[in-house]
Structure formats: C-alpha cells, structure tokens
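Annotated features in Swiss-Prot:
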{"type": "TRANSMEM", "residues": "4-24", "note": "transmembrane segment"}
{"type": "TRANSMEM", "residues": "38-58", "note": "transmembrane segment"}
{"type": "BINDING", "residues": "144, 148, 224", "note": "Zn(2+) binding site"}
{"type": "ACT_SITE", "residues": "145", "note": "active site"}
{"type": "TRANSMEM", "residues": "152-172", "note": "transmembrane segment"}
{"type": "TRANSMEM", "residues": "199-219", "note": "transmembrane segment"}
C-alpha cells in the first residue's frame, strides 16, 4: 500500500506542477486559439500524462526513503540486519536481478518495494513487522516484495498511470472548453480561454483523477495476487506466505488491526474500489487454491 500511495501522491504533485507551468507558458491559449485542436490536445495530454508518470517513477525511491525515514543498511549493525540483507540477497538471486537496497523504517507492520528499475530498486520493512513475525514469515514478506520487483510492477503501474493521466487531462480540458464557450455565449475574445475554462478544467481534473484511481487500484490488486504467487514460488512453499498474511490481517482475532485497516489492506463496499490490496481472506484463498 505504501509504495502505491507514495507513487500516486508524487504523480499528482508532478502533474499539477507541469499543468500550471503549461498554463503559465500559454499552452492552453495556443490549443484554443482557433477552436479546440483535438489532435494537439491529445498530444499535449500524453506528453504531460506520461511525462509526469515517468518523473514520479524516477523519484519513487528517493521519495520513499524521505517520507518513511527509511534507513538503508550499508553495513549490518547486528544479526537481524545481517539476516535481512542475506535473505534479500538470496531471494533476488533466485529472481534473477541484482540485489536491491535494503532498508528499515519505524512504524506499524508494513513493507514495500520501489525503484525505477530492477537494478535500482529498494526493499524496506518496518520495525513493527520485524517484531510481530517470525523469520519464516518475514522471509515470505520479503519474497513478496522481491516478486513485485521481479514482475516489474512499478514500471507497469507507471504505464497504466500514464494512460490514465492522458485521458484525465484530455477529457478535463475538452469539457472545460465546452463549459467556457457556454458561459461566454456569443462573446468573442482573442485573448484565449476565459476564467470558466481555468476553473472547470481544474474541477474536472480532480473529479476524473479520483475516478481514474479506481482503474489504477484495480490493476494494483491484480498485481498483489501475482506477487503472492511469486513469493510462494521463490520460497518453494505457500504456507509461510499464508501465515504472514494471517499475522498482517490479525485473522486469529477475527478483525483487522487498526494500522492495516487504515492502510486499506482489506475493505468492502465502495472503499474496496479504492484499495490497492485485495482482502487478505481472498489472497489466502488464492494461495490455498493454487496448484
């Protein structure tokens, strides 16, 4: 969940900066100078949409370290850190890519993998997770994060986000142009779009951005199932991954802990559409039914 939220927030911030810069440079005025040029608008939307998404990808590892306060283990300071590095080294070797950076951060049970490529990736685990699980369960979580890197999930998410960004920007500006023309009526101005265009384009971008996040989260949930299966394959057995999920979800107590509920690791109803992870019960069922 953490890597998805960080990526989406960074993507939103980058898109906002690029959009404001484009407006200050008069790009919108150019696009609407002789009526709305749909081809140019689509090209502009794709440039900003994919550009913002790939800039977010390039910044993902730095942003993750900064926002979580993660401490990269350069030299193991104790046996636990040595075990962490050795385990990630073995898992990444099995997965067929260079060993990623390994980091630890303070907080409730959590873990994430991020980075722009397999050779420039990061795996981080929280102190809360290390304290609440045995080593076999921690290894399963590490295998899950290594599987995310192996499957290229950050790049896949970047491409999906780029497509989503493109359509959000395109539709928002096209509809804003219609709204602006309606508000201005027969008024003819050579100075470009009016205030109605600026206000409505921002409103439409926010609205479509929220709706588009449902698409991104849908693909994220699918990738979680693949990462669970990948973890089982890397470890050669499914039981440890199932046990780790049970600890994370607190299934023994019959309820999710507050930390995981707030992270959207499981949910129902409309909120499930905005969750980056499937319900833990569904993930366990998928692992148990796998052949």
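Every residue gets a Cβ built from N, Cα and C, even glycine.
Listed in sequence order, the residues of the same chain lying 6 or more apart from the residue listed as 'active site' and placing their CB within less than 8 Å of its CB are 111, 112, 113, 123, 227. On its own chain, residue 144 (Zn(2+) binding site) has 111, 227, 228, 230, 231, 241, 244 as residues at least 6 apart in sequence with a Cβ closer than 8 Å to its own Cβ. Cβ neighbour count for residue 148 (Zn(2+) binding site) (all protein chains, 10 Å cutoff from its Cβ): 25. Here the Cβ of residue 224 (Zn(2+) binding site) has 24 other Cβ atoms within 10 Å, regardless of which shown protein chain they belong to. Within 8 A of the CB centroid of the Zn(2+) site residues 144, 148, 224, the other residues of that chain are 113, 145, 147, 153, 223, 226, 227, 228, 230, 231.
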